[in-house]
Each structure stands twice: as structure tokens, then as C-alpha cells.
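According to TrEMBL, the protein has these features:
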BINDING   225, 226, 227, 228, 229, 230, 231, 232  ATP binding site
DOMAIN    204-538  domain 'UvrD-like helicase ATP-binding'
Ligand SMILES: Nc1ncnc2c1ncn2[C@@H]1O[C@H](COP(=O)(O)OP(=O)(O)OP(=O)(O)O)[C@@H](O)[C@H]1O
């Protein structure tokens, strides 16, 4: 180390020590303030208790108010204390030296997860990663640069960029980097072992990812990203950014995520709290279906549909799914509901309790309420009729009963051909010979999943429903798995800004998935962005997965590891032995998490029993699971969507098990969950989708070489 370097490092250590000193003072101040809040609440409560009898109403209200105020102040201080504790662990991760044009000195800006100011000088010691000046770190190399401050664009020159790894308040290492975010730090981050849950990536956000995070203008932002491109991480960082940027108008209560399942929800649950924000509410399509259909009909869930399809593809059912999975279907259903709402109404005279209203009155009133959905409109006509007739009865000295009200409602309802939204939806199919046979319930009281959202859409379009009006930003993950009619429902229920993300290569149900262009046609106002660099897996694993489902846009990161292994086994017993050996090897390795990812839940269940009996400690995740677990996990590809593991084993990759497009999708999803190692086992002929891996030599074919070359060409950062 040169003299200059050691002086520089000494300066950095002093700055760190000073920052830690300020943080410690701030922590003590906050702890004292929390103690004071607790004491104040206690004293107020005691005083109230002692003097309750002598206090009048206003005094009591005043006291309650001040108790509430102390509680709020205390909660705020606790939240801030958590942030300071986090900063004490690792105060900052980067520094940018920026010389503003027209100013004599260069400013040194340290960037961390939160802000910190010196209470004496008011100078900013650490800038929050979301602050305007911090975008310099993510968006520019050394040289000319600019950022958007509240008072306008600030131009200047970046004269230096540095990255730090600080743990437990101690500087572990630091790098100077002229490039956007240095290779070394990113490589270290990506090579680490998978934690139990998803982590924040603030220190190594890449420029194209930053553009997604900091997009403030899009009403709807659609993000298509290859497997492992950081879509989910980026979407959560985007929420944290928006909460910071619009803190006066947006809070975590106003943001919701529409996630694929509860395990995934639990897997991502730490990211926002790590970034100092509160957890956001979660919803999934099953919950929406339950809310609407619980009292209407039984229905097949998405997971039940997937299980059935993986078992056997029924061509007629697939045809019904395809029919209901296009934007044209939404248009046709919409037009039909509008026409039916108009044509299906036959005004008639209302008579009740020796009073009457003419058919003309009914027709006029129905026409007046034309802006309402049809069943709400009918209720409106009935309500007005009840008011008028009741008045007449009372005026002549008679009595109007609840039975009279019900009688009027019944008569008005009978003027419309369809009893309810369900009957109307059924009529959509019987009304047109071309559609007959496309509505086929699974039983007397159970509809197919393909009908669930068309029916809900019909319900929304025919009667006023409560919407999620408090939600101001909605995140939709795994966008490719939702059909246009589901988006139409989302649009009706959430009239807010949205970030919609997914990967068309990872669809679960090929008969009803949506491509980026389909989703864009539903949200024509949307900004579409793409992430093509894949960060999760080693180049070898990404190259392997590319053979299963090729995406020419994908750019693998250059990070190497062992080649994926396809292990041919002599028989089923041998396959179990091979899997056990792999699991044991994993337990002696540096890796922490292992995912055994089967095609179906049933397959995973059977293998779970076998491995448990052999003494392996592992967690089985099925559709009822609500929490993600670390260590060894066994599950299906569908449930593993969005998750990742250091090592992945994909059992039973034989031709019989992985033989159609849907199986191929599952295989691709399973393989792309692996960060560092991937093993596949089979007995009998290997699946057609793994033919390329049959002989070790074939792996160096032209395609693989090209994939590896592309990775070598790409600089990390
Ligand atoms: N800029 C980055 N710095 C460090 N790690 C990153 C970065 N971008 C992505 N990663 C890592 O890549 C992995 C994949 O991220 P994430 O799960 O968000 O991707 P995804 O696109 O949602 O994946 P998939 O669609 O395959 O489920 C995670 O381990 C994440 O931490």
C-alpha cells in the first residue's frame, strides 16, 4: 500500500468512526425520547385513573388526545431508532465525489440506507440511497454527470466513486470504481450463499434497474425481465423509492402487492423492513375470487387447474381456456353485458298494497339511472317506487310493511330476464350458438377456473362493488400468469398507479398466459421496460436453461460454477440413492439452501416421505403452505416460482414426466431457481427437452459456446 493509499484509508476510518459516534449519540437521544414517551403515557393514565370522577368530558378528551400524541411520538421514535440501529451496523455503502459546475469545492457524498445529519452543523453525513444526489452513484461513471434536485437539474463532474463493505460498524473493504457499480462488489454479492429470505440490493443496483426504480411518471409501468434479472427485487425497491419520494401523499398502507402465493409473500417480506419501510399488504387472485364467489358458487382454484393440467391435458378444457384468455373475449363479454343490460329489461306496471305505478314511469326511471350497472339500476328503480307507493299508502291512512317493500323489489327484479350475474354470465354462452359448450361447470356447484374471473367481471359490471379505493399503487408480480379478463377485473377494482412485472418465458399455464404485448394492449397508456441481464445463476446454469427455453434477449452475467449435471439412474431406487447423495454432499458444502423441485406437488410429497424416512431434515411446501423456509426444501416448480436456492435438484426428468409445453415451462422454472449448482436426475429415457445434455461433449456445441461468449462480452455493472 502506498503512502497516499494508507493516508486515504486512515481518513476513511476516521470518517467512519465519526459517523458511528454521531449515530451512537442519536441512538441514545432516541432511546431517551422513547423512555420519556412511555413515562408520559404511564403518568397520564395514572392521573386519569386517580382523577376520573372529577374530570369533565372536555378534560377527559384532552387527556386522551395527549396520551395518543405521546404514543404516536413514541412509535415514530421507535421506527427511527430501528433505522439508526441498522445504520450503526453498516452506515453507508458508497461515496460519490461531485464537483458542481460553478462551485469552488468538490462535495463528498456518502450513501447509505437512510439519511443522517449532524445535529450541530446540520450537515448531511449520510444521504439516503433514494435522495436525488444518490442517483449519481447509480447512473454515472466518473466524468460529466447530473441529477434532478427539487429546484432543477444540477450539473457537474464526478471526480471519484468508492464502494464500501462495512459490517458491525467495521470497514471490511473498499474499492474505487470508475464504472457504474464495480464488478468486484457485485460479484461478491452474487457469489454469496442464499439467505433464508430475499434481501435488499441497494449497494449494487444497476443502471437499467435504477431507471425502473426511479420512474416517477408512469401511470402503469410494465416490466418484462428474464429469469433472475431482479424484477421482484427492483419492484420492492421501487416501492421504497416511491414511499420516500412521495412521503407526504403515499404511505405503506396505500400500496399493495398482488402476489402469486403466500410462500412468495413470506419470501419477500423482509425487503421493505430492511429498507426502513413498513410491510405492504398482500393480496392474491384466490383471495379476490373468495371475496366475490364465496356465496355464489364453488370454483376451481388456479393451483387446482395447474394440478389437473399437469396430470392430463384435456383438449376441450384447453380450448375453453384459450377462448377465455384473449383481449377479444373481454371485449365480446363487455359488449354483450351492455347490450343485455339494455335489451333484457321489460318495464311493467307495479302494483302493491292497492297502489300502482305505470310501466311508463318504470321505463322513464330505468332510463334516468342509465349510468349505473344493471342490478344496481333495478334496485334504484325499486327504491324510488317504494318511496312513492309508501307515501300514497301512508297518505290514505294505510300501513306499509316490509313485505310490501319486498313485493315491489320482486316485481322490479322480475322485469329483467336474468336473475343475477351468474345467470347472465351463463346466458352469454347459451345466447350464441358459436359459444355453446364453452361454459362447462365441473359439477352442480363448481365452475372451472377459466370461468372464475369472467364471472367476477360480470358481477362487477352488473352491480356496484366495493373497490380498493385506498390503494394508490399496486404491484402485480408474475404478470404472464394472468389472463386479460383478470387484468380487466384488476382495472375495475384498482383505479391507481401500477407496476406490473413478469417473464413470458415462465408462464405456468400455456393456454391462458399473457404476453407483454397482450398486457400492453390492455394498458395502452403503460410505459414498458425490459431487463435482459440475468444475475441469479452462474453462466453455466443460465446457458443450460437457455437450451430448454431459449430467449435471445437474455444476457447472462459472467460468474462461473460447476456445470449442471444430468444424472442417468439405473432404476427408481438408484435415483433415490443419487438424490440422497446429492443432499448429503450439499450438507457438507458451504451452501446453505437446497431446493428439490419436482414437477408436481404429488411427486414432491412422495419424495418428501422417502427422504424423511432416510433421515433428511427438509421442509415440504405445498399449496397450503404460508411461510418460506431455509435449509432443504422440497416443493413443486409452480410453488418455487420467484424463489431461489444455492443448489437445486430436479428429480424425474424423464421423457414420460416432461413431455409437453407445460412440462417444459415447469422444467425451465425449476432450473432457473438455482444460483450456484444444478443437478437433474432420471431413470428411463431423458426428457426431450434435455436431449442437448445427453453427452458431455454435446455441451460444447455452437449454441453453448455462443451463450458463454455473450456472457464473457458483458461487463458486470
Ligand atoms: N443489482 C443487483 N445486485 C445484486 N444482486 C442482484 C441484483 N439484481 C438482481 N440480483 C439478485 O438476483 C437474484 C434474482 O432477483 P429476483 O428474484 O428479484 O429476480 P426475478 O427477475 O424476479 O427472478 P425470477 O423471475 O426468475 O423469479 C436475487 O438473488 C437478487 O438479489
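Note: Cβ is positioned from N, Cα and C throughout, glycine not excepted.
Excluding 225, 226, 227, 228, 229, 230, 231, 232 themselves, the residues of that chain whose CB lies within 8 A of the CB mean position for the ATP site are, in sequence, 503, 531, 534, 535, 536. Look at the Cβ of each of the binding-site residues 229, 230 and count the other Cβ atoms within 10 Å; the largest number goes with 229.
Within 10 Å of the C-beta of residue 226 (ATP binding site) there are 27 other C-beta atoms, taking all protein chains into account.
According to DSSP, residue 225 (ATP binding site) is assigned to a strand segment. In the predicted model, residues of the domain 'UvrD-like helicase ATP-binding' (204-538) average a pLDDT of 94. All chains included, 25 other C-beta atoms sit within 10 angstroms of the C-beta of residue 228 (ATP binding site). Note on residue 232 (ATP binding site): other Cβ atoms within 10 Å of its Cβ, all shown chains, come to 24. Within the same chain, residues at least six positions away from residue 227 (ATP binding site) with a Cβ under 8 Å of its Cβ are 503, 505, 506, 534, 536, 537, 545, 554, 668, 669, 672.
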